[in-house]
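Below: the structure, in structure tokens.
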Amino acid sequence: MTTDTDTDVDAGTDLEPQPEGPPEKMLTRRTELTPMLSQYLDCCEAHPDALVLFQVGDFYEAFCEAATTVAQVCEVTLTQREDSTGTYRMAGVPIDNATSYIEALLSADFRVAIAEQVEEAEATSGLVDRAVTNIITPGTVTNGDLLTDAAATYLGAVSITDSDGDASEMTGAIATVDVSTGACRVTSVEHDQIYEELSRLRPAELLIGPEVDTKTIESSSLPFETMQTTHNSGAFELATATQTLEAYVDEPTAFLSSAERRAVGAVLDYAEYTQGDCGPLEYVSRIRRYKTDTALRVDATAIQSLELFDSRQPYGETLIETIDETSSALGRRTLESWLRRPLADHEAIKTRYDAVAALAENPLVVETLTEKLSHIYDLERLTARTAREQADARDMRSLLQSLDSIPEIKSALIEVLTETELPAETLEQLQAELDSLDDIRTLIDTAVCSDPPQTVTDGDVIAKGFNDDLDDIREREEAGREWVSELETRERERTGIDSLEVGYTEVHGYYIEVTNPNLDHVPDEYTRRQTLKNAERFYTPALKRREDEIIAASNRADKLEYELFCDIRAEVAAETSRLQAVADAIGRLDALVSFATIAISHAYVRPEITADTLAIEAGRHPVVEQTQAEFVPNGITFEKGHIAMITGPNMSGKSTYMRQIAHICILAQAGSFVPADAAQIPVLDRIFTRIGASDDISGGESTFMREMSEMTDILHNATESSLILLDEVGRGTSTTDGRAIARATVEFIHNEIGARTLFTTHYHDLTTVTGSLPSAFNLHFKVHRKTHPDNDASVTFLHRVTSGAADSSYGVEVAKLAGVPTPVVEQAQRYIHTEGEDYTEISEQGTHHHDELTHAEMVSVDHDNQQNQASDDDEIARSPRGADTNTDAGINQSDVSANIDVLKSLRDIDIARMTPLEALNMLENLQRRLDE
């Protein structure tokens with residue numbers, strides 16, 4: 001919004017410092033400011049950590065430094081406001097379209113305080129009162145337009161108990177609240193688990209207790225985006241936090257530790273602050289305390305490398321996207337929470353399997369449930385908006401539509417329970433929890449119009465017949481409008497003016513319009529109201545009385561409708577706990593139906609939970625099998641403490657195979673069926689991964705220090721109940737050092753930890769450790785190598801796991817398949833021949849150690865191969881051949897054996913993990929060293 005004294009100015013390119021807080025220029029002229037700017041300054045001082053958007057008419061305005069920020073971030077015009085006290089920069093955004101601008105400010109890491117006009121301009125002759133009604137931050141978003149998807153948005157808080165300075169002995173607590181739904185949770189964690197738990201929860205905003213060293217929780221080091229907030233330190237004080245909690249739960253000291261009380265108290269205090277200091281958030285009706293050791297723990301590294309929720313590729317699929325067949329936002333959030341915290345209790349897992357199995361037995365009912373669940377709106381967020389007094393009439397109708405689906409959902413569940421012979425404790429419980437909420441349904445259905453306007457103050461919100469007084473007022477209003485509509489006919493007949501018209505404008509009200517040629521026929525009782533170019537507008541005493549009656553009735557009706565709607569909304573809000581219970585049940589049912597749907601459509605099988613054995617028969621990668629036309633299943637069988645040494649070329653599928661096993665274990669413990677012909681899964685306590693980029697050369701590669709840091713975490717924290725996936729440990733350093741580190745790692749895991757481990761390596765002599773480690777065995781990926789008449793060779797990856805160690809890494813052949821120029825490939829082959837046969841050979845002990853596999857292991861691997869039995873020629877016919885090579889590049893071939901260091905450097909190169917540019921740079925470096 002601009003005034004006659006506003007002028008455009010250049011916003012510049014750099015953000016000015018401190019756009020939040022009171023502008024220095026206004027502080028120095030406080031006594032001279034206009035009343036409106038004084039209001040703005042007061043809002044800025046009250047919220048120094050936020051950028052204030054100040055309502056002026058139909059715009060939100062910002063001034064001084066904040067104006068520059070708004071202009072640059074939101075790409076709007078920066079102007080100047082001049083008054084008697086000076087010149088102030090200003091920038092504004094239209095209120096009707098403010099959401100996109102607020103989203104841009106949030107993305108730029110600003111908190112936004114909304115200062116609204118809290119009284120109508122017509123209601124006062126002086127300055128309109130304004131107040132900050134909402135502070136929007138990344139972790140406290142409640143606006144439906146800013147909540148872009150069904151995912152939970154968490155505000156988190158971290159507190160740590162007092163200690164004697166020994167960080168290893170410190171314990172802390174992490175609390176989260178989803179302000180949009182009211183879900184609040186807290187857990188205690190060891191000091192070294194804080195990072196891991198935060199990575200699992202992924203709060204959008206994080207409050208740090210004053211006793212926490214922020215260096216230990218730097219947002220830049222977390223594997224997700226979060227805003228780190230320093231809130232009022234007093235909110236973390238135990239007494240203050242306990243007092244805050246007492247408004248939510250009875251006797252918080254009875255079930256929450258001091259660290260937990262401090263974390264929950266602080267997070268709720270901040271949530272209240274951002275909602276306009278409205279007091280306790282009534283819809284936060286329950287605080288759930290959980291333990292981290294009651295779930296399968298998947299740390300941040302594993303979450304990333306397994307691509308559970310985020311893909312490393314720009315358009316890659318994730319595990320949750322692949323298995324998500326939910327129909328509602330409630331189900332999607334539940335499904336994600338189950339994947340983030342898979343079960344670690346045998347009976348709980350089995351109970352969830354029973355529910356999925358009972359549903360999967362009846363595909364038609366599953367289809368019915370899917371269709372009915374699709375009519376369920378986001379009940380949690382609707383309930384929260386209702387409790388915050390932000391729900392409008394359309395929200396009420398959405399709530400009604402959701403509740404109307406519940407009886408049919410209950411009927412479908414009863415059909416499943418009637419027909420199944422399986423234990424169905426979970427489904428029985430859900431059926432009982434699905435309260436039809438008939439009282440709320442009846443209230444909304446009889447009270448709120450079926451197609452109400454967006455704004456509840458616009459009228460036509462309350463249904464006819466709900467309130468007698470409102471109906472009487474509406475009848476008087478309607479009678480007045482009918483009288484006016486009949487007036488035109490009567491006056492035409494009475495005056496003889498056929499062109500006479502009766503109309504209405506917001507400014508002048510009702511009028512009788514007569515064209516200029518007929519003005520001589522205007523009756524004396526007509527009073528002129530407005531003169532137009534070709535006509536005059538009049539009113540009569542009777543018309544004016546009717547107009548006053550209609551306006552008065554309309555205003556009374558609108559006021560009464562708003563009062564009635566607020567009463568209805570409050571009555572619904574009083575049932576928040578019942579609505580939340582139904583929402584929770586719907587979410588769990590939707591997630592179970594999703595599991596059943598994926599099991600039916602993709603032939604997933606029910607796993608068997610075992611004590612020790614991990615056996616997968618013809619397992620499939622759940623993501624890859626849906627993105628590739630042909631997928632070769634592979635299985636594995638190994639007991640607690642067994643280590644599978646996996647060899648084979650790059651691109652053969654080793655990393656995919658390891659991720660496949662991890663995905664199957666995670667799905668199994670989440671309660672889902674799994675992609676395999678059969679599966680026996682033990683209850684794991686943790687999954688660790690040290691996996692580099694995915695099986696193409698477009699992925700990034702971790703530094704050696706990162707690799708060793710991750711290995712340190714694994715070796716310190718893994719137990720015999722863990723699953724460890726290690727991909728080419730030691731590749732980031734010299735061959736000698738890398739081989740030594742890899743071997744020592746395998747021996748330590750075997751002798752000291754005893755965890756089930758999958759270990760891929762290109763150090764072929766490392767496969768000989770199976771001779772000295774009784775629980776280690778070799779697996780490799782089969783490759784078909786064909787020599788052509790011109791002595792050229794090609795390889796085809798069969799993607800099939802079999803026992804024993806690979807006879808070569810086929811690095812040069814992989815480079816050729818990847819399209820590396822022919823001169824580079826040929827020269828690499830010469831270097832290999834120069835080094836001798838020992839470059840590719842491995843010891844007989846490593847090659848033939850598969851004789852030492854247990855019978856079960858050999859049966860598992862061989863059975864999977866038989867399941868996919870086809871001749872190598874058939875496999876080759878279906879597999880892509882290498883790309884045509886580029887023969888334009890030249891290369892210096894002189895003195896190839898003159899410098900043994902150059903040859904060793906070439907041998908250590910992992911070509912398949914190099915980009916074309918890196919390969920050419922390395923080749924240039926080798927040439928230069930030879931020339932020297």
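Glycine is no exception: its Cβ is also placed from the backbone N, Cα and C atoms.
What Swiss-Prot records for G648, P649, N650, M651, S652, G653, K654, S655 is ATP binding site. A coil conformation is recorded for G648 (ATP binding site) in the three-state DSSP classification, outside any helix or strand. Its Cβ taken as reference, G648 (ATP binding site) is surrounded by 28 other Cβ atoms within 10 Å in the chains shown.
Annotation comment: Swiss-Prot describes 1-13 as compositional bias 'Acidic residues'.
What Swiss-Prot records for 1-26 (among others) is region 'Disordered'.
Taken from Swiss-Prot, the feature region 'Disordered' applies to 865-892 (among others).
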**Report entry** DSSP-derived class (H/G/I helix, E/B strand, else coil) of S655 (ATP binding site)
**Finding:** helix
Query - Surrounding CB atoms that lie within 10 Å of the CB of S655 (ATP binding site), all protein chains - result: 23
